[in-house]
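Take a look at the structure below.
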Amino acid sequence: MSIFKLMVIYFTLFWVVNAAQLLDLDSHGVIPGAYIVVMKNGVSSHQFSSHVRWLKRAHRRNLAKRVAPFTEGLSSTWDIAGWQAYSGSFDKDTIQEILNHENVEFVEPNREMKAASTIKQENITWGLARISHMENFSHDYVSTYGEGENLTFYGIDSGIDIHQSDFTGRARWGINVADHIDIDCIGHGTHTAGTVAGQSFGILKKASIVSVKVLDCYGHGDTTKYINGLNWAINDAKKRGLLGKSVMNISLGTGRSRAVNEATVRAQEAGIFISVAAGNNAINAEFLSPGSAPELCTVAASTRNDTRAYFSNYGALIDLFAPGEYIRSTLPHNRTGIMSGTSMAAPHVCGIGGLIMAAEGLAPEQVCRRLKELANPAIKYAGFNTTDKLLYNGSGA
């Protein structure tokens, strides 16, 4: 049964004379009247604070000067490793003033964000064996880089069942920016977390696990909620001294978004290795975010026979393939289940990336390059202009 599907949203760039860029989209997936505003590089914290005060005054003034539908105004502000932005609902006059402000780089609509996978109840598991052997059809998992001791995994997803016994007491609830239901209703986040850090199905078997819920019980979110979750995770890691010792998996996406790409890249630069799913639309990954950001490790899905899964996105932005078809992992309430998708492939890279980062003392932005050096050139029928590199953990097996 299909749970959710990545949306493909094409957008057109409009120019405003002597103003910031307005990145516009077609109506599909756009949340009417809701926007993300990104500041120019080099804007100071003081200038950002002054801009926010100006914005609040402009919003009140424009609402008061005529009869107009109410808009709530500012909802969130972010500073992710110097990337400063905010979101909110604004009327057209306020948006025009924002575009004309000297410190604004661009504005884009807030839009829906979803994850992608299918679930099948079948008794099969093979992913860990494949990524720890150069030859296919092995049946054991071999690792020479440990089990993720002293690492922390942040799952940006539908939430994680922190009481799942396979997490052996290592999981904690971080934040819920999606709804008011502090559980993983759909299982997607618990499944991806199990591949990264579960005892039975995971790679970082001794890592700490943190749930960051950005998708609601229908598997829906938006770019504002996503960036809110990302921002919280960076601040949590900084507060706890975990930067440089943390990994993050992002098995969700939306149409190509400059704001989503920039925020995610800055999060990695702050000190967290990030693995992202390429998407399940069987199209070029350049059309989706955050997988279209070349600085991130974008992961396509492979099959048991070392081919590209029929649903997986492809193209020059793919860094690695990893097992993504019929992957068994954890589900809420101490259950297990099989899911397929690039959502299932990316967690394999997240886990191995954490091991390599810790073992070799790499910066997060160096990890993907190292994984590609270790990778196994095994993928057949990868797709046009797409790598043949399959994730390998360097075990020597």
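Just so you know, glycine gets a Cβ as well, placed from its N, Cα and C.
Model, not experiment: these values are computed from the prediction.
The feature signal peptide is assigned by Swiss-Prot to 1-19, with sequence analysis given as support. Annotation comment: Swiss-Prot describes 35-115 as domain 'Inhibitor I9', evidence class sequence analysis. What Swiss-Prot lists as N-linked glycosylation site is Asn123, Asn136, Asn150, Asn249, Asn305, Asn334, Asn385, Asn393, and the listing cites sequence analysis. For 125-397, the entry in Swiss-Prot reads domain 'Peptidase S8'. Taken from Swiss-Prot, the feature active site, charge relay system applies to Asp157, His188, Ser343.
For the pair Asn305 (N-linked glycosylation site) and Ser343 (active site, charge relay system), the C-alpha distance works out to 19 angstrom.
In three-state terms derived from DSSP, Asn334 (N-linked glycosylation site) belongs to neither a helical nor a strand segment and is classed as coil. Each of the recorded positions Ser343, Asn385, Asn393 was scored by how many other Cβ atoms lie within 10 Å of its Cβ, and the smallest score goes to Asn385.
With DSSP classes pooled into helix, strand and coil, the tally for the domain 'Inhibitor I9' (35-115) is 28 helix, 32 strand, 21 coil. Between the listed recorded positions, namely His188, Asn334, the fewest other CB atoms within 10 angstroms of a CB are found at Asn334. Around the Cβ of Asn136 (N-linked glycosylation site), the same chain contributes Arg130, Asn305, Asp306, Ala378, each under 8 angstroms and 6 or more positions distant in sequence.
Checked against Asn385 (N-linked glycosylation site), the active-site residues Asp157, His188, Ser343 differ in C-alpha distance, with Ser343 being the nearest. Within its own chain, Asp157 (active site, charge relay system) has Ala115, Asp184, His188, Gly189, Thr192, Ala193, Ser211, Val212, Lys213, Val214, Leu215, Asn249, Ser251, Leu252 as residues 6 or more apart in sequence whose C-beta sits under 8 angstroms from its own. Spacing of Asn334 (N-linked glycosylation site) relative to Asn393 (N-linked glycosylation site) is 28 Å (Cα to Cα, whole number). Cα separation, Asn150 (N-linked glycosylation site) to Asn393 (N-linked glycosylation site), rounded: 19 Å. Look at the Cβ of each of the glycosylation sites Asn150, Asn249, Asn305 and count the other Cβ atoms within 10 Å; the largest number goes with Asn249. Between the CA atoms of Asn393 (N-linked glycosylation site) and Ser343 (active site, charge relay system) there is a gap of 19 Å.
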